[in-house]
Amino acid sequence: MTDGKTTTVRAPRGTELSCKGWHQEGALRMLMNNLDPEVAERPEELVVYGGTGKAARSWECFWAIVEALRGLDGDETLLVQSGKPVAVFRTHPWAPRVLIANSLLVPEWADWETFRELERAGLTMFGQMTAGSWIYIGTQGILQGTYETFAALAEQRFGGTLRGRVCLTAGLGGMGGAQPLAITMNEGVALCVEVDPRRIDRRLEHRYLDERIDDLDAAVERAEEARREGEPLSIGIPGNAAEVFPALLERGYVPDAVTDQTSAHDPLGGYIPAGYTLEEAAELREADPGRYVREARASMARHCAAMVGFMERGAEVFDYGNNLRGEARLGGFERAFSYPGFVPAYIRPLFCEGKGPFRWAALSGDPDDIAATDEAVLELFPENGRLVRWIRQARERVRFQGLPARICWLGAGERHRAGLRFNELVAGGTISAPIVIGRDHLDSGSVASPYRETEGMRDGSDAIADWPVLNALLNTASGASWVAVHHGGGVGIGKSIHAGAQVVVDGTEEGAARIERVLTNDPSLGVVRHADAGYERAREAARALGIRMPMLGR
């Protein structure tokens, strides 16, 4: 950490407190960790990931949050309104130390134009999902979810493995950068198009990507060689997906699977139109935002049309939750929704059991603390073969960014067991300092997003946004350390509402009680949400877990 007002930020390490308690300290360190140069995409602009997803509204607001957290008593709660600390209230020790609301707008005004106008006026910020809720852990944060998605794809279409299969995708930013490693962990070959060569180089540095090949034909030739030999391999190709995907289709090249994780959710701040360098795009964005959006959407239409073309030629094609289809339709491509989103295609059965992205970070900064938690997870869930494979591969292949952290998908009935075991390890000194447990907002009961997590719900409840609000209220009542409700993450303003919660594992008896309640109730609501929507798998899970649903089965 530095004392400068806009310079490098790094979370404190070790066991010495700079706040009045570990719940406040956990929030402070994770906020700072979000802006660690090893973690954030553009830390000097407070941008963590996802196009323009920020940790705080301004540097002035950031330092005011830091000051407020350091002065916060153990029976007080800090309120953060879209990245700005607005008040501290006396509450009680079990209350969250921080409550956050990011990017929320009244529905009639919930569009990018209005949001940007308010953002320019200094009244709001875009929090994405884990940027503004202070629990981003770098590309690993999405890695296991991406691994699970490609594993489900392999099971459904390719006999349980991606060996000998080529997957084409685009986008190697903070989220999309997980794709090459997730594909190779499933034994496949990844062709990854990225418009910003610096991102390719960063993924190479972090060992998420194996090779960079600038020539398209040479990249395809190398991918086909790896396919024939059954060699897991990932290749980064500099280029614009709106140009490269159609070019591959015109060549008659058909990969086995195609998806995309460019920043299509934001046609102004994220996606780069075809025909522009990064510098030219930045100039156009500033000079003529309206034209920029039109050109970006036209490019997305071509990009999406190529994906439909691959599908028609036999490729398995799916949307990876960035709203490319929605923006492509606005760009004039009427058949944009011809292929499904990844949640209805592969992930919903896991959501029915409350399974989702369970993550934790070592506040000590000591990688040995994460090694101890890895062993604990392996001991707790030896029967979960996919989880065991993930932990073993992650230990070997995943480089920590910022504070050491781990993610794995656990469900209702499992998360609290892991949390309680971690608490025992902190209490006994095996883990040297408290850890923070949190999750992505992409979870089974914490999001309403009709183009992603709640696409195609059985009862038609895709757009019902009560569930993420109930999730935040439930986690607040259960004793979470900090809780956040956001708007627009993943798919853009006007298209999602979602919530997140974190709990500090401090080795105390009170900590154990908080952990058990938060990590039982949070995923259980995901089971309830899907049971209420009519999924029999979720109803069976609710009965097995003893969840009390007054109208279950009626």
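Every residue gets a Cβ built from N, Cα and C, even glycine.
Taken from Swiss-Prot, the feature active site applies to CYS408, supported by sequence analysis. For 50-51, GLN128, 174-176, GLU194, ARG199, 240-241, 261-265, 271-272, TYR320, GLY490, the entry in Swiss-Prot reads NAD(+) binding site, with the evidence type sequence analysis.
Features per Swiss-Prot, on structure.
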residue: GLY50; record: NAD(+) binding site; Cβ contacts under 8 Å, 6 or more apart: GLN128, MET129, ALA131, GLY173, GLY174, MET175, SER263, HIS265, GLY270, GLY489, GLY490
residue: GLU194; record: NAD(+) binding site; Cβ contacts under 8 Å, 6 or more apart: ALA170, GLY171, LEU172, GLY176, ILE200, GLY236, ILE237, PRO238, GLY239
residue: ALA241; record: NAD(+) binding site; Cβ contacts under 8 Å, 6 or more apart: ALA170, GLY171, VAL193, VAL195, ASP260, THR262, HIS303
residue: TYR271; record: NAD(+) binding site; Cβ contacts under 8 Å, 6 or more apart: THR262, SER263, ALA264, ALA296, SER299, MET300, GLU327
residue: CYS408; record: active site; Cβ contacts under 8 Å, 6 or more apart: GLN144, PHE358, ARG359, VAL377, LEU387, TRP390, ILE391, ALA394
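Between the binding-site residues GLY174, GLY490, the minimum number of other C-beta atoms within 10 Å of a residue's C-beta occurs at GLY490. There are 26 other CB atoms within 10 A of the CB of SER263 (NAD(+) binding site), with all protein chains counted. Secondary structure from DSSP puts SER263 (NAD(+) binding site) in coil.
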